[in-house]
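Now, the feature entries from TrEMBL:
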| type | residues | note |
| --- | --- | --- |
| BINDING | Ser14, His73, Gly149, Phe150, Gly151, Gly152, Gly180, Gly200, Thr201 | substrate binding site |
| BINDING | His39, Asp41, His73, Asp178 | divalent metal cation binding site |
| ACT_SITE | Asp41 | active site, proton acceptor |
| ACT_SITE | Asp178 | active site, proton donor |
Amino acid sequence: MSGHVHPCCKIGPSILCADLSCLADECRKMIHCGADYLHLDVMDGHFVPNLTFGHPIVKCLRPKMPEVYFDMHMMVQNPEKWVESMADAGANQYTFHVEACEDIPALCRKIQESGMRVGIGLKPGTPVETILPYRDLLDVVLIMTVEPGFGGQSFMEDMMSKVQYLRTNFPDLDIEVDGGVGPSTIDAVAEAGANMIVSGTAITGATDPSQVIALLRNAVENAIQKSQLER
């Protein structure tokens, strides 16, 4: 395993928790505060009970921040329907839910062919083994540490066993964690092996978001360093 490079730390604020009436300004502020990417939650009112925004918003944001990495978290039924429109809008990563899709290999190929990175998300109740047949088609696995669809829920620490399993078996995989992640929970997430950290209100609601982003980054980078030394 010593030949593997552990994926680097990336912090992605969930912009759904920001002030949506001035979305572009909020997004710029997050990047200015040190965020590596933006996590955009798309909810359709079917797969999850809530409703948010779709590709027209992404298309409006893209020219205002041409270099920023957009990670689309597609909490939608029939995720194959939106691949082309999200790619056209300028999305970089398309993360769909394993529970919402029937032909996962076909969808992964469709996302790759459209020029986006492939992410697959797991609800808390879905076993991590579900994604094993598709490992070679994936760039990112998203472990949900709350039930998708609502902000402000408590972090489920027992989901860290999924992260540990993935990190142990796939040392070079990007592992993303989303839900209730902030200063009080980041150590558990970092030690389990996640390297892509989605954080909502802990960042967007902070008096100094840059301080929170730096704290999250520090925890993850320390954990990565420690795991490399232990090898």
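Just so you know, glycine gets a Cβ as well, placed from its N, Cα and C.
The shown structure was predicted, so the numbers you read here are calculated from the model rather than taken from an experiment.
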Cβ neighbours of Thr201 (substrate binding site) where a neighbour is any other Cβ within 10 Å: 16
Output field, divalent metal cation shell: CB within 8 Å of site CB centroid, site His39, Asp41, His73, Asp178 dropped: Gly12, Ser14, Leu16, Leu40, Asp71, Met75, Thr95, Leu142, Val198
Candidates Ser14, Gly149, Thr201 (binding-site residues) with Cα within 10 Å of Asp178 (divalent metal cation binding site): Ser14
Chain-internal residues near Asp41 (divalent metal cation binding site), provided their CB is under 8 angstroms and they sit 6+ positions away: Ser14, Ile15, Leu16, Thr52, His73, Met75
Which of Gly149, Gly180, all binding-site residues, has a Cβ with the fewest other Cβ atoms inside 10 Å: Gly149
Densest Cβ neighbourhood among Ser14, His39 (binding-site residues), 10 Å radius: His39
Distance, His39 (divalent metal cation binding site) to Gly180 (substrate binding site) (CA atoms, angstrom): 14
Separation of alpha carbons, Gly149 (substrate binding site) and His39 (divalent metal cation binding site) (Å): 14
Cβ neighbour count within 10 Å of Asp178 (divalent metal cation binding site): 25
